[in-house]
Structure formats: C-alpha cells, structure tokens
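*Asks:* Questions regarding the structure given below will be posed in turn.
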Ligand code: CP
Ligand code: NVA
C-alpha cells in the first residue's frame, strides 16, 4: 500500500516528483474559479474519507477542495462521528473504512493510531497531522520555498520555537530534499534527536543553536509555529510562553536573517506570541502562498498514493 505517513519514510525521488507534479497542476489551473474541475480527473469515481480527531481549517478545506477538483468525492468525519472514540478498535475501523472508501486521510493524536490505521487498511492512508509529525504541511512548504527562491537543496532553514510535530517533519525534509537545518529554542522543547540523526545521516547539517540571533544568520527561510500545540495541555501555556518569549520572530530577528530570507508559519498563528504582525504581514512573509499550496501539494500526494 502506498501510504503517505511522513517525509522521512517516503522515498526521496517520489517526494521530488510530488513537488514537481504539484507545481504543474497548480500552473495548469491558473486563475480558474475554485470549483472548476481540473482538465484531468484522476479521482473520478473515487471516495475519500477525511477524518479529524482535532480541529482544522486548512487541512480540512484543502483536502476536500483538492479531491473535488480532481473529480472525486469526500466524506468529512470528526472523531466524535465515528465509533473510534467509543471502543471500536482502530484496526477494525480501518478494515471497515477500506470497504467504503478508496483513500483515508486522518488527523489524530498518537502516531500509533495512524500506523495502526495504515497497517490494517487495504486502501492508502495519509497523515493529516499527529502529535509527532505533520508531513502534508512540509510538502506545501517546500513547494512554496521553491516557487519563490528556486531549489531548496543546499539552502539554510531555521526553526525558532517549539520542536514540535511540524518541526519534526521539516527536519525529515532537510534530509530528503538536502537542505541544512538549524533549530533554535530552549532545551526542554528540542525536537526528537531521531529526526536530527536522520537528517545528518543524509549528509546535511542539522544543528541546535540556542541564540536565535546567531541561529538566523545566513538563513534562506525562517519558520515558526504555535508555542502550544493542540495536543499540549492548556496548563502548559504560561510555562511555554515564559520559555519561548525570546524566540519570537519579529522584525529585529528577521533583520539579522537578512532581506532575502523568507518567513513561513503553517498557521494558525498567534500574532504577537510566536510572530509579530509586522513579520506576518511584512514583505518576507509567504504564509498565504504557503496556505494555498496545501491544496496543490496534497493533490499530488493523493495522486501518488492512488497511483493515478
Ligand atoms: N496548518 C494546518 O494544518 O492548519 P489546520 O490545523 O487549520 O488544518
Ligand atoms: N503544531 C500545531 C500545528 C497546527 C497545524 C499543532 O499541532 O497544534
């Protein structure tokens, strides 16, 4: 089964061909109204289940729209709609869903749930975010960087803040797409060493630099995300804010990165916490392109999964 579970577990050439396919599909649509069907309809007669055990704006809407543009149909399901949360096992849910739909996208909590779904489904499964990873976001980020700046290979990408799920998939991408990665944040919030080791094993730099000013020197791209993720306890909020205050992306920090550095955030953003409005709305920010590119990147991911 061709599952899209994370960046570091997907073959390098396939990742590259998905990014290239996304660029071509985006260009082919031009400025067509959003619901205009694509000229090619590779998902005709296909049904896609979109399961959300956590809230979502971008993932929900971009997947739903992408399936429709490619001629398929969707069922958007919340965790509470399913028997999943009421004692039916993930494995049994996977077996049943596979009899009704051709592709499953799931946003869930534990990564084990995603893997159990993939193991027992007989249709492809896509990771729409877990507590540990967020690969669809990073496909959109690579597409966005390359639209603005050309090949990402050999560039320097800096993550400031919490070493979270989105950060982990970005580090995987460093290894797979061949860019250098620097994490800057406080030690308790470091990304998992396994992702840093994976990137280094692919021959790129993966470094930790505690000083955000030094970290962003020479950066081609500066990235951050919320300081408190959906799976983090609300009680962690105050502590996180105290730990991370010095890692805010503001104009002073972007000035250290230099005028050519881009800024990205997967969104939703908390303005004046992890990023100031001056940066979000400033000339280096490509966050709206990044959000749009979820659509185009995921269409390529779905085609790859289905081999269509
Ligand atoms: N970036 C992202 O995944 O956004 P949503 O949580 O709105 O889907
Ligand atoms: N790290 C964030 C990403 C949201 C898209 C979270 O998990 O809440």
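Keep in mind that glycine also has a Cβ here, set from the backbone N, Cα and C atoms.
OK, TrEMBL features for this one:
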- 3-147: domain 'Aspartate/ornithine carbamoyltransferase carbamoyl-P binding' (DOMAIN)
- 56, 57, 58, 59, 83, 107, 134, 135, 136, 137, 266, 267, 294: carbamoyl phosphate binding site (BINDING)
- 154-304: domain 'Aspartate/ornithine carbamoyltransferase Asp/Orn-binding' (DOMAIN)
- 165, 225, 229, 230: L-ornithine binding site (BINDING)
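Map these features onto the structure and tell me what's around them.
*Replies:* DSSP places the residues of the domain 'Aspartate/ornithine carbamoyltransferase carbamoyl-P binding' (3-147) in helix, strand and coil in these numbers: 71 helix, 21 strand, 53 coil.
Within the same chain, the residues at least 6 positions away from residue 134 (carbamoyl phosphate binding site) whose Cβ sits under 8 Å from its Cβ are 127, 165, 166, 168, 169, 266, listed in sequence order.
Across the domain 'Aspartate/ornithine carbamoyltransferase Asp/Orn-binding' (154-304), the model assigns an average pLDDT of 98.
Under the DSSP three-state reduction, residue 230 (L-ornithine binding site) is assigned to coil, being neither helix nor strand. Summarising the environment of residue 230 (L-ornithine binding site), the number of other Cβ atoms within 10 Å of its Cβ, over all protein chains shown, is 15.
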*Asks:* Given the carbamoyl phosphate binding site residues 56, 57, 58, 59, 83, 107, 134, 135, 136, 137, 266, 267, 294 in the record, what is the largest Cα to Cα distance, rounded to whole Å?
*Replies:* 30
*Asks:* Say you check the Cα of residue 294 (carbamoyl phosphate binding site) against those of the binding-site residues 225, 229, 230; which is nearest?
*Replies:* 225
*Asks:* Going by Cα-Cα distance, pick out whichever of the binding-site residues 225, 229, 230 is nearest to residue 56 (carbamoyl phosphate binding site).
*Replies:* 230
*Asks:* Which of these binding-site residues (56, 58, 83) have a C-beta closer than 6 Å to some atom of ligand 1?
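*Replies:* Near ligand 1, sequence order: 56, 58.
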